[in-house]
Ligand code: PMT
């Protein structure tokens, strides 16, 4: 399997980047750099209007190839003609795709190099709309987008937010890194196609009173990286997330929760409709027995206070104990000492199929960092033998794919 999330995830892929005339065109230099960084070859084709927003010279410099912009240019046709260019591409990515470009494509026009290429290419076409929110919601634009979608074009975006014209709403082009992620996902062999994965991520918050709670340092990065990787591998992904400051990965259905009990309810009610469950959340083991209705006051008399805590239900152990439609169940172990010993103990005690152990006492990995290092342990069953695997320090994105690769191997036996 290719390594996604790393520099070579698009190695050898030929992407024809068609830029039309919208303000988001300025983001195409960054987009091109990031695609090339991952090993893609990028051939830029610009409409005349696009050249008003970003220069062909800039795009030539970042792509390392002369930009094509004219259908009737004898010199260009002598090097790579428009039909050759159409055949060259593994993917045609139109970003930004303006309302005008989308309308011309929907009408089947070939009145410039870009629309001609779209007609002449049998490569998959991804359209990343970008326009003013009013233009985007206009019935004509909506119908044109639906027409392209019906014809098999991939529609990537748009996003909602503040627009260059000052309006707020749907119509922003996806950010370059989101488009890169979609390209990676598009080219990735769909190892988990047809499978469904339920993942928990982030911390839980256990309320003490209306203004205070007990939580931990989980940022959600590890769980979100697994969710992102699973979606890229073709799985249907449900992410039950504690409170984090991360955006939902593309193609992932997210359920937000706060407390361990909320996470328990959301997870157990979804478990039997999923093939795989990965419990990456840092769930509070205990919660305050009573949540004070009003803010607890500091008093002059009391120099100390205590909170009586009760045990939360164990989510992963509950799911692992299911007798019907039990998903392949994977836990995590966050340890600060005797990592293997404690992880193997949790694997047995919680009746898991596999456990991913991390030493969270090591600087630069574990909680709230971009990287991690893991040990995977799985126990003997009648289908597979016990085993282990070390996943050395890498980005959580890369580790997400490696974890899923091992899960896929075992759960398909
Ligand atoms: O979110 P990040 O900042 O990216 O950090 C990632 C991480 C360190 C949180 C992650 O890699 C990790 O280790 N997650 C598990 C944290 C944890 O709670 O570990 P534990 O050893 O206490 O729990 C063992 C397993 O039981 C875990 O799968 C946990 O999700 C699960 N559990 C725990 C308690 C509970 N009530 N219900 C559970 O399901």
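Glycine residues also receive a Cβ, built from the backbone N, Cα and C atoms like all the rest.
Per TrEMBL, CTP is bound by 295, 313, 314, 315, 316, 332, 346, 350; the candidate from 285, 304, 359 named for the same site is 285. For the recorded positions 165, 315, counting C-beta atoms within 10 A of each C-beta gives the highest total at 315. Residues 315, 332, taken from the recorded positions 165, 315, 332, are distinguished by a CB atom under 6 angstroms from ligand 1. Averaged across the region 'Phosphopantothenoylcysteine decarboxylase' (1-196), the predicted model reaches a pLDDT of 91. Put simply, residue 165 (active site, proton donor) is 49 Å from residue 285 (CTP binding site) when counted between their Cα atoms.
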